[in-house]
Each structure stands twice: as C-alpha cells, then as structure tokens.
Amino acid sequence: MLKFVILLSAVACALGGTVPEGLLPQLDGRIVGGSATTISSFPWQISLQRSGSHSCGGSIYSSNVIVTAAHCLQSVSASVLQIRAGSSYWSSGGVTFSVSSFKNHEGYNANTMVNDIAIIKINGALTFSSTIKAIGLASSNPANGAAASVSGWGTLSYGSSSIPSQLQYVNVNIVSQSQCASSTYGYGSQIRSTMICAAASGKDACQGDSGGPLVSGGVLVGVVSWGYGCAYSNYPGVYADVAALRSWVISNA
C-alpha cells in the first residue's frame, strides 16, 4: 500500500490547482527524480511486507518497535505482516521478523489523514549494526526550507505498478505547516496540525513509500502520508508530523 496521490489530477488542474475539500486521495507511490542508495546511508529504513510482498516503508524506533503510517495498516492482520531490515533490497538480504502486533493512532481519520501514524511491534529484537540503527524522534519541527531526505522503494514513474529492487532516496526541503496551508500551495485547510510538508524543485512532489521516513538534522521529522498530483510544484508531499505526534509514539512503544 503505497503513498496516497490523486489520480484525478485533471480535475484539480481544471480548477486552477485548487483541490476540492473532501476529494479523497487514491493509492499510488513513487520516488521520482531520486537516486539508488544503500541501507548503510539510511539504516533506520525497513520494508513492511504483506504476505512477502513490499507494502510500505517504516523507521526503526527501537530494537522491537517500528514507526509507520496508520493507513498502511488498514484491513490487515498482524499474521500476514513482516519487516525486512538491514538490506538495500526489499526482497533479499538483511533480516526479517514477523509482526506480533500493531497499533494505529486512535485519532487517525482516513478521510482527512490526520494522525496518520502507527507503531509495529516485532517478534524478537533487532541487533543494531552499521545497516540497522534506530532513529530519534524530532521534538520540534525544522525550519521552513531546511534540507531533508526521503527514502523508500516507491515506484519510479507515475502509474507504474513495478517497484525498484534497490532502495531509492530524494533530497527535499521542508515546507512548514503554515506555509503548506497558505495560498502559496493548493492544499489550504486540508493541511492539519498533525501534518508537515516537503518538496523539491524539479522532483516529484509525492516522493516515497507510505510510512517511510522524512529525515532532517539526523532525526525523524515526518512519516510519508499523502499528496496530490497535477501541478507538482503547487502540491508538496504531505507527512505525518513526528514532533506533533511524538508523545503518542513514546507512550505506545
């Protein structure tokens, strides 16, 4: 289940880039304009898999807890889930662990995408190394324009159904919540208090796997959540705001 993106982009374009309130995102996911990388550069990254197939990204919080997006865990049971850590490839290498349980944020709303965060507990414990590391949670948001990176195994082009075997990443810049909701961009009131945005000129506005990490300053600042297609420069990628949701993660981990 990859990142949310509007498929009806022609509708938004016809409306001059304004997205109608309540228009629901559709499923798609990609890292466009990025580059292949290795897990040692993003050792907190994991592949969340359903029945052995890559489904979403996630970030290592502790030896047995993963942070991901709540929308990745809709209509699924823990028994069909596993994670792969420590590998640049979602289908091989590293280590795999089955999932013992997961919990979505109680305030998650699939219509508005508020509180789009979840934790996963695995059976067993990860052994930390150069390719498997936990990442800290942001306690405050980076400044508007701050450098950040997004990683994952998202598809490489719009509408593609295939995903790359090797981990990809893109460099982006933070767009603050207030800026993302301003008239500079097309989201308006759809940007809520539990969201933060990021974008980069010349790169797709909707990078990354759902649930995957947005990292700035060496800490996890966002969880890949959703975004609209059409005029990409006018629609940054939208992420769950880790600083705003930090206390929930800590109390439930």
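In case you wondered, yes, glycine gets a Cβ from its N, Cα and C as well.
In Swiss-Prot, the cysteine linked to C197 by a disulfide bond, out of C180, C206, is C180.
When the alpha carbons of C197 (disulfide bond) and D116 (active site, charge relay system) are compared, the span between them is 13 angstrom. Counting other Cβ atoms within 10 Å of each Cβ, the lowest count among the disulfide-bonded residues C72, C180 belongs to C180.
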